[in-house]
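Read through the structure below, which is laid out as structure tokens, and then see the notes.
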Amino acid sequence: MSRPTVSLIVLAAGQGTRMNSDLPKVLHRVGAAPMLHHALRAGQSLEPERVVVVAGHGAEQVARAARAFDETVEVVVQAEQLGTAHAVAQAAPLLADAPGEVVVLYGDTPFIRPETLERMIEMRARHAVVVLGFEAADPGRYGRLVTRGEDLDRIVEWKDATDEERAITLCNSGVICAETHLLFSLVSEVGNANAAGEYYLTDVVALARAKGLSAGVAICDEAETLGVNTRAQLAAAEAEFQRRARAAALEDGVTLTAPDTVFFALDTFLGRDAIVGPNVVFGPGVTVESGAEIRAFCHLEGCHISRGATVGPFARLRPGAELAEDVHVGNFVEIKNAVLDEGVKVGHLTYLGDAHVGEHTNIGAGTVTCNYDGVNKHRTEIGAHAFIGSDTMLVAPVSVGARAMTASGSVITEDVPAEALAVGRARQVTKPGLATRLMEMFRAARDASKKGTN
């Protein structure tokens, strides 16, 4: 059976007053990515034809973040935050003629699973409106879902519920799915005759039932519905994201020697049989291929690590770092916007930025590519099978040819031809006996100084 055409609406207009922040709530990060990206990524699993983000507070920032995730995302602005139904209505001019289904998600609810959304779409074959519910450990003031089997009879707000209805633990998440034309028709009928004077999306269930249409409930784990309204909830969301990411990595065949100390980003990819040591942090945009090893206390972002490579301990890989197979990057090494070909070894205490290093080249301890002149960045090219001596300063732009060598302590300011040895340091001068005479002179000066102060 073919998948129906789907559109996606993500509500992202809330100010998030309780976050006590100038940043729009949906742009606070979980797993090194805005919460909005989590919602968009979950919705992506439905292969939506169109995606509309409803922005409000900080609309320009929200729009930039949405389009950074997917440049085809459309953004509309809810100038006044008058409730969730009012927010959905802002998408009507864009989607009113869209075929198929529409799913409404929330930009501050980052943990809805793709399989949950798939289940909602499947249930749409049996119900005009499908609501996502969850069994709450502490139902508190959540809206209650009054059901008969999977059929939803009504949604009752806590303040309006009887004691019997308050005993219900099946609660409303707010996520909803319906045929596109029907949803916008129902939304247009929602009123605001309530204490808050807002237009609530949940009212579409009662409106649908009044028309003789069926409503259903898809049930998910409570953790999927975790919303973020405070900094404490943001911290809880981060903890839940990391718990899930660690469990998924282990399930996928990755070795985590101390799982609770490894931190993932939303888009971290680790291949099977990769090994990750303790206290490793993955920022955005990291791919680690099968069989690679990341040792303790490394920080990685925007980099690609190929099969058999080893990184760390105490290494930092920054955006643009590309490590080919069997590369070794050791302790206290920083790589930025640099490509290291197969078998390159960078043992320790080195900075390689804006560089390309050919295969099987050895980079000695203390090597620095001096890539910045105070205004512009410049590139360093190092050929294959070269040997860069310890404490070499490579003042870019500069190149070192294949199988060339640089002497330890050299400052290389000119290109080094293939197979040449470059020495760029002052000649050593040795003065026999001078060390002893100097120490005697220094001690005499010190003693004279002490007598002068008495």
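Keep in mind that glycine also has a Cβ here, set from the backbone N, Cα and C atoms.
Listed in Swiss-Prot:
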type	residues	note
REGION	1-231	region 'Pyrophosphorylase'
BINDING	11-14, LYS25, GLN78, 83-84, 106-108, GLY143, GLU157, ASN172, ASN229, ARG318, LYS336, TYR351, ASN362	UDP-N-acetyl-alpha-D-glucosamine binding site
BINDING	ASP108, ASN229	Mg(2+) binding site
REGION	232-252	region 'Linker'
REGION	253-454	region 'N-acetyltransferase'
ACT_SITE	HIS348	active site, proton acceptor
BINDING	ALA365, ASN371, TYR372, SER390, SER408, ARG425	acetyl-CoA binding site
Could you find out if DSSP has ASN371 (acetyl-CoA binding site) as helix, strand or coil?
coil
Can you give me the same-chain residues 6 or more apart in sequence from ASN371 (acetyl-CoA binding site) with a CB-CB distance under 8 Å?
GLY353, ASP354, ALA355, LYS377, HIS378, ARG379, THR380, ALA396
Closest to SER408 (acetyl-CoA binding site): which of the recorded positions LEU11, GLY14, HIS348, going by Cα position?
HIS348
Through the lens of DSSP with three states only, how would you label SER390 (acetyl-CoA binding site)?
coil
With DSSP helix as H/G/I and strand as E/B, how many residues of the region 'Linker' (232-252) fall in helix, strand and coil?
20 helix, 0 strand, 1 coil
Arithmetic mean of per-residue pLDDT over the region 'Pyrophosphorylase' (1-231)
94
For ASN362 (UDP-N-acetyl-alpha-D-glucosamine binding site), the number of other Cβ atoms found within 10 Å of its own Cβ
18
Candidates LEU11, ASP108, ARG318, ASN362 (binding-site residues); nearest Cα to TYR372 (acetyl-CoA binding site) turns out to be ARG318
